[in-house]
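Reviewing the structure listed below.
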Amino acid sequence: MRVVTKLLYLVVLAICGLGIHGALTHTRVTPPVYPSVSFNLTGADTYGPFLRALQEKVILGNHTAFDLPVLNPESQVSDSNRFVLVPLTNPSGDTVTLAIDVVNLYVVAFSSNGRSYFFSGSTAVQRDNLFVDTTQEELNFTGNYISLERQVGFGRVYIPLGPKSLAQAISSLRTYTLSAGDTKPLARGLLVVIQMVSEAARFRYIELRIRTSITDASEFTPDLLMLSMENNWSSMSSEIQQAQPGGIFPGVVQLRDERNNPIEVTNFRRLFELTYIAVLLYGCAPVTSNSYTNNAIDAQIIKMPVFRGGGYEKVCSVVEVTRRISGWDGLCVDVRDGHYIDGNTVQLGPCGNECNQLWTFRTDGTIRWLGKCLTTSSSVMIYDCNTVPPEATKWVVSTDGTITNPRSGLVLTAPQAAEGTALSLENNIHAARQGWTVGDVEPLVTFIVGYKQMCLTENGENNFVWLEDCVLNRVEQEWALYGDGTIRVNSNRSLCVTSEDHEPSDLIVILKCEGSGNQRWVFNTNGTISNPNAKLVMDVAQSNVSLRKIILYPPTGNPNQQWITTTQPA
């Protein structure tokens, strides 16, 4: 009888453990204590620090690509380090806790009021380690955008983001019960929190839009560029990690602008200027180093990356690519008259689709046109690769736009900004006439947002630049970013952002473009805009926008040196 009673007890226990329809079972073990990063909507100025803290928690290793952190693959993350908990609180005091996977920044579950909800197809790792002291239930849809939008009934392009939307989303997640049946408010709330947490951690462009909306207590709907970023984070990460050391992508990242026009991005520099991508999904890692370097000499050795994921390794080699090269004044590197003869001059010409502007970047360090090598001699020319010293045909492309011949240490230079100008090799003074971009030869028109989310503003030649509130379509705040590294007044592209000299506290003004060292700028992954000639960065003087002064200054890491480009100011 005692045995029968015990068996009945075990049967009843098993049945009770199933709970209501949709409830989950898991192995009852002591769960790990996962790190937590919280955000309270009543502290609007804490949104940026909240995202920095979240990024620090999900980045477990020191693997980087072009100075951007790369998340660890699943095979290298233990269950005890797999998740980060993110409690979100709205002004009404409602709190919901998200569980975020450190492998991909996905929201995989959420919990509130003693209940937790997992997406359809949740894994044992998730169920056995997350919210085990709650009643676990499984939703009848997955966490991807297609599934969530299907539940809502329309796309996220129509769903506002901002403090009001986030507050409502938190309440929707907190009050949801599986028995209620209506998943539309829940799915809508999930679309809001995923974009305002995970996507903002992936892209500083998205962070800026949301941070501005929180500061201004306003709402906005995602533009098509933002949505295309969200849809292409994986492909961006892959292209960046497989790129040649100079940032040349093996393929093309397909984005859309705000008017739904296609944008084809073929190098890291342009992709970063468009998206300010902040974190990469793991794809490829260098074999010989844990990061790619921007240093021209170190970059001579092309590092062959390896794909690690799913318990296997797959070699992911750097490949040859064929691209145009844009330089001073937006002119392209061109073989004179397209003549296929040894010694023919390499010059500047208007960018077009001509064959004589298509250069192949080989993994042996050569740059070739129809098989002939870009070659250094008394001038820069094309020549049979097999009949000249190999060191005369080697080049290193850096992400700052410098193209260096390692043997001489000299860099590719355009002596004049004129069609037909023969290229030369000169000492590197980091001048704009020595700046180049591979692929993406058209200038990018953008706003430049800095301290207190205000926009860089100009008032014509021989005047200072300063910060003012951003105003959509204000021509004084529109800039054209050229492949030569210049920042030009979009309404008059003969005018360049210029440092008066190259010493700390020198003012930044607008002058005629001359291809000089004080007119070349680099948008860095740490958020600064540096002048490589001076080795100083753009700085809002004394962190005081009322002074109306932007200066050169040594890097400090302070907010008054942080900048971001955006084609759609918030």
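Cβ from N, Cα, C; glycine included.
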Tell me, from Cys332, Cys355, which cysteine Swiss-Prot puts in a disulphide with Cys351. Cys332
Of the recorded positions Glu199, Cys332, Cys351, Cys373, the one whose Cα sits nearest to the Cα of Cys470 (disulfide bond) is Glu199
Once near-sequence residues are set aside, which residues in the chain of Cys496 (disulfide bond), 6 or more away, have Cβ atoms under 8 Å from its Cβ? Ala432, Thr486, Ile487, Arg488, Val489, Ile510, Leu511, Lys512, Cys513, Glu514, Gln519
The sparsest Cβ environment within 10 Å, among the disulfide-bonded residues Cys332, Cys373, Cys513, is found at Cys332
Counting only residues 6 or more past its boundaries, what in the same chain has a CB within less than 8 Å of a CB in the repeat '2-beta' (493-531)? 66-68, 204, 269, 272-273, 328-329, 400-401, 414, 417, 429-435, 443, 448, 458-465, 479-481, 484-487, 537-538, 541, 549-555, 557, 561-565
By the count of other Cβ atoms within 10 Å, pick out the sparsest of the disulfide-bonded residues Cys385, Cys455. Cys385
Please tell me which one of the recorded positions listed here (Glu199, Cys332, Cys351, Cys455) sits closest to Cys385 (disulfide bond), measuring Cα to Cα? Cys332
Over the repeat '1-beta' (370-405), what does the predicted model average in pLDDT? 96
